[in-house]
Each structure stands twice: as C-alpha cells, then as structure tokens.
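Since the structure comes first, as structure tokens, the remarks are kept for the end.
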Amino acid sequence: MADKIKDAKIIFVVGGPGSGKGTQCEKVVAKYGYTHLSSGDLLRAEVASGSERGKTLQAIMQKGELVPLDTVLDMIKDAMIAKADVSKGFLIDGYPREVKQGEEFEKKIGAPSLLLYIDAKPETMVKRLVKRGETSGRADDNEETIKKRLDLYYKATEPVIAFYSGRGIVRKVRLESPLTGCSQEIRREGMFVMKEMS
Ligand SMILES: Nc1nc2c(ncn2[C@@H]2O[C@H](COP(=O)(O)OP(=O)(O)OP(=O)(O)O)[C@@H](O)[C@H]2O)c(=O)[nH]1
Ligand SMILES: Nc1ncnc2c1ncn2[C@H]1C[C@H](O)[C@@H](COP(=O)(O)OP(=O)(O)O)O1
Ligand SMILES: [Mg+2]
C-alpha cells in the first residue's frame, strides 16, 4: 500500500495560524491540480465523526495544542494512499508543525521537494482569525486560543523553516494586502514558486 506513494511529489505548506495556508492551497489546486491535504481539516473530520479518538483530539485542539505526532501522520498517510492513483502531487498543509514531524514524515513517506512558507505578520493573523471566528464555528478561533496557537507556532514551527532552508527548498510567499505594497522581488519569488509547481 505505502508503495503507491513512495515516489509522490510532496510540497509542505507551513505558516502561522490564519496566515492563509488553506486559501493559497486552494489557488494552487485550481491552477495545478495538486491534492490538498490539511492536517487540521483531517483532524476536524475525525472530531466531527464523533469517534472516541475524535473526542480526545477535540480537547487538545480546543486548547490550541498539538495532537500526538503518530495520529496526525497516520491520517495524512492514509489520505495520501487513498488519492495516490489520481494525484500528480500533494500539498501537505499544516504539517510539519515541529522538526520531529518532518523527520518522521520523511522516514515513513518521503522527502518534500518544496516547502511553501506562507508568511504574515502576527497582528494580521490574529485579526483574520478573530474575523473568521465570527462564522467558522471553529472552537479554536477565539482570542485566548489564537494567542496560544501563535506562541506555539513561533516556538515549535518556525524552526521547521530554518531546518528546510538549509536544503534550499523553502519558497516564501507573502501576500498581505494591499498587494501594491508588495515588492518586485516578492512578486518574482511568487512566480518562481508557481513555475516550479507545473
Ligand atoms: N485579506 C486577506 N485575507 C486572507 C488572505 N488569505 C487568507 N485570508 C483570510 O484569513 C483567514 C485565514 O485564512 P486560512 O486560509 O483559513 O488560513 P490558514 O493558514 O489555513 O489557517 P488555519 O486553518 O487556522 O491553519 C480566512 O478568513 C481567509 O479568508 C489574504 O491574502 N488577504
Ligand atoms: N501537524 C499537526 N500536528 C499536531 N497537531 C496538529 C497538526 N495539524 C493540526 N493540528 C491540530 C492542532 C491545531 O491547533 C489544530 C488546528 O490546526 P490548523 O487547522 O492547521 O490551524 P492553525 O494553523 O490555525 O493552528 O489541529
Ligand atoms: Mg487551514
């Protein structure tokens, strides 16, 4: 089974909570037909199923903490296998959250060819999540949990970017509005990323 995804093209999508990972992934899917797998969405689907495992996960996510590595990695792997025959590549959104998650993914599945780093200012992320919380129904889109998620992002997840920068596969995407404030260099970099996807 796992053989099916042995040579799959893998792109990690990393960024803070509310940085726009899901939004950017949708654009890449529309343009390049990659399969989008969001660790948070997979976990929320498990919670929605009402399973015992889902209840345990819900309690962790509500506090803005990370669920156990094995749980999330198994879910991603199963989802990849299910899509292997129809997929030209995978956008893995929200994973790795810590360097150890990246190492385990590479041992069990394979190495990423790119890491898209969705960068945004902390105040932008908080603002977007508070706004999203008005309608999202997500238990973690409240100010207290948002602050915890942000702290954990800087502590645990930012080192992931440094780790993969050493391999030269990190591409930074910064799309904070207004877009007119975006430098030429960043625009070019954005296009470079897209070219590598096709
Ligand atoms: N103004 C603006 N809003 C954006 C942009 N990208 C995303 N948003 C909004 O910001 C919120 C968060 O975006 P998501 O794509 O859900 O972010 P995420 O990184 O997947 O967040 P998590 O699901 O919390 O991991 C949503 O309400 C989006 O509509 C952007 O480029 N500009
Ligand atoms: N790779 C991962 N490892 C552990 N926990 C994860 C995970 N991805 C998601 N989670 C859990 C903890 C997060 O607070 C929660 C929501 O994740 P998310 O939808 O990616 O949102 P965010 O990036 O805003 O924190 O799910
Ligand atoms: Mg998301």
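Cβ from N, Cα, C; glycine included.
Of the listed candidates (Arg149, Arg167), TrEMBL assigns Arg149 to the same AMP site as Ser39, Arg44, Glu65, Leu66, Val67, Gly94, Tyr95, Pro96, Arg97, Gln101, Arg138. Annotation for the binding-site residues Ser19, Thr23, Ser39: lowest Cβ count within 10 Å of the residue's own Cβ, Thr23. Highlighted here are the binding-site residues (Ser19, Lys21, Gly22, Thr23, Arg132) whose C-beta falls below 6 Å from ligand 3: Lys21, Gly22, in sequence order. Listed binding-site residues: Ser39, Glu65, Val67, Tyr95, Arg97. Those with a CB atom under 6 Å from ligand 1: none. With the fewest other Cβ atoms inside 10 Å of its Cβ, the least crowded of the binding-site residues Gly18, Gly20, Gly22 in this structure is Gly22.
With respect to ligand 2, the binding-site residues Ser19, Gly20, Gly22, Arg132, Arg138 contribute no residue with a C-beta closer than 6 angstroms to one of its atoms. Taking every protein chain shown into account, Arg97, Arg132, Arg138 are the binding-site residues, and of these the Cβ with the most other Cβ atoms within 10 Å belongs to Arg97.
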